[in-house]
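Colleague: Take this structure first; my questions come after.
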Amino acid sequence: MASVSLLSALAVRLLRPTHGCHPRLQPFHLAAVRNEAVVISGRKLAQQIKQEVQQEVEEWVASGNKRPHLSVILVGDNPASHSYVLNKTRAAAEVGINSETIVKPASVSEEELLNSIRKLNNDENVDGLLVQLPLPEHIDERKVCNAVSPDKDVDGFHVINVGRMCLDQYSMLPATPWGVWEIIKRTGIPTLGKNVVVAGRSKNVGMPIAMLLHTDGAHERPGGDATVTISHRYTPKEQLKKHTILADIVISAAGIPNLITADMIKEGAAVIDVGINRVQDPVTAKPKLVGDVDFEGVKKKAGYITPVPGGVGPMTVAMLMKNTIIAAKKVLRPEELEVFKSKQRGVATN
């Protein structure tokens, strides 16, 4: 009798609905019948999105439009940046988007970099433009991000896109936060009225993730209608734990290995790991990538979890491709774009 009861309980855990009529086990989960978290495959989800983008690109071209073009500016010789850019250009080729990488030395002046951006802004053949971050210390990253034309800003970092996002209006969404949103949405994890903790408040990742999850879902862009708590470097870990232990969804984007451990997570919570940290493998003594979450410990308690690598990273690249086809279709509101172009020409606007 005890074994029958155990099997019944396990069946209830695996099959209970999580969003509407969707069962617990969704496509793109790496799961077996076991009493631990469903591991969400970001690679498989990203492949699905890239297939959607590829179809959209081919339909766009078949309608008589030019093939979308993505320009990437890469400054310096940071190996990680070179690897990220290569992943982006490979993905572009995969979905039928033309791309180019413009490499600048680490010694490039800020003004020279800004001039290159202006030329690409004015190039009608360029639909999407991104400058790979981080940049050398002598270059103001915020100034560079704001120099990219908002309608070509596939990173979603321009102040106009950030502002529109905060106002529940259509904008280019930052790729990583949008990727996190798509993981949650496509996995069927409910957000309406749920408690969410976002560890990390960076302007490019943590803050926009929180914005997407807490905002009204009735507007033009994604909105999760969740109750969101944001922590940061000055949040004591014990204080963080008081929030995460109550959270239905925990998203860590702090860049701190083992920040989130099993004792901080409530049973069945969804844990999304955005962290990318390079540490030394204690067995091989070689460098390896880990996230912010103690993966092995947390997956025994959580309901869903993303791995590092293979979780959020591939989704970031996929959403960049989605932003590029959006940029090619020129759907940004013309009034904001005209203000930006007037300022670039040095024309005063009211």
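Count begins at 1; order follows the chain as displayed.
Each Cβ is built from the backbone N, Cα and C atoms, and glycine gets one as well.
These numbers come from a predicted model, not from an experiment.
Swiss-Prot lists these features:
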- Tyr84, Val85, Leu86, Asn87, Lys88, Val131, Gln132, Leu133, Pro309, Gly310, Gly311, Val312, Gly313: substrate binding site (BINDING)
- Gly200, Arg201, Ser202, Arg233: NAD(+) binding site (BINDING)
- Lys50: SUMO2 cross-link (CROSSLNK)
- Lys50: N6-acetyllysine (MOD_RES)
- 1-35: transit peptide (TRANSIT)
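How buried are the listed features, and what sits near them?
Modeller: The Cβ of Gly311 (substrate binding site) has 27 other Cβ atoms within 10 Å, all protein chains considered.
For Arg233 (NAD(+) binding site), applying a Cβ distance below 8 Å and a minimum sequence separation of six or more within one chain yields Ala254. DSSP gives Arg233 (NAD(+) binding site) a coil state; it is part of no helix or strand.
Over all protein chains present, the Cβ of Lys50 (SUMO2 cross-link) has 20 other Cβ atoms lying within 10 Å. In the three-state DSSP scheme, Lys50 (SUMO2 cross-link) is classed as helix.
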Colleague: Rounded to an integer, what is the Cα-Cα distance in Å between Tyr84 (substrate binding site) and Ser202 (NAD(+) binding site)?
Modeller: 19
Colleague: When the Cα-Cα distance from Gly311 (substrate binding site) is computed for each of the recorded positions Lys50, Gly200, Arg201, which gives the smallest value?
Modeller: Lys50
Colleague: Return the member of Lys50, Gly200, Arg201, Ser202 nearest to Gln132 (substrate binding site) in space, with distance defined Cα to Cα and candidates limited to these recorded positions.
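Modeller: Out of the listed candidates, the nearest Cα belongs to Ser202.
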Colleague: Hey, how far is Gly313 (substrate binding site) from Lys50 (SUMO2 cross-link), Cα to Cα, in Å?
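Modeller: Rounded to the nearest whole number, the Cα-Cα distance is 14 Å.
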Colleague: Taking just the CA atoms, what is the gap between Lys50 (SUMO2 cross-link) and Arg201 (NAD(+) binding site) in Å?
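Modeller: The separation of the Cα atoms works out to 28 Å.
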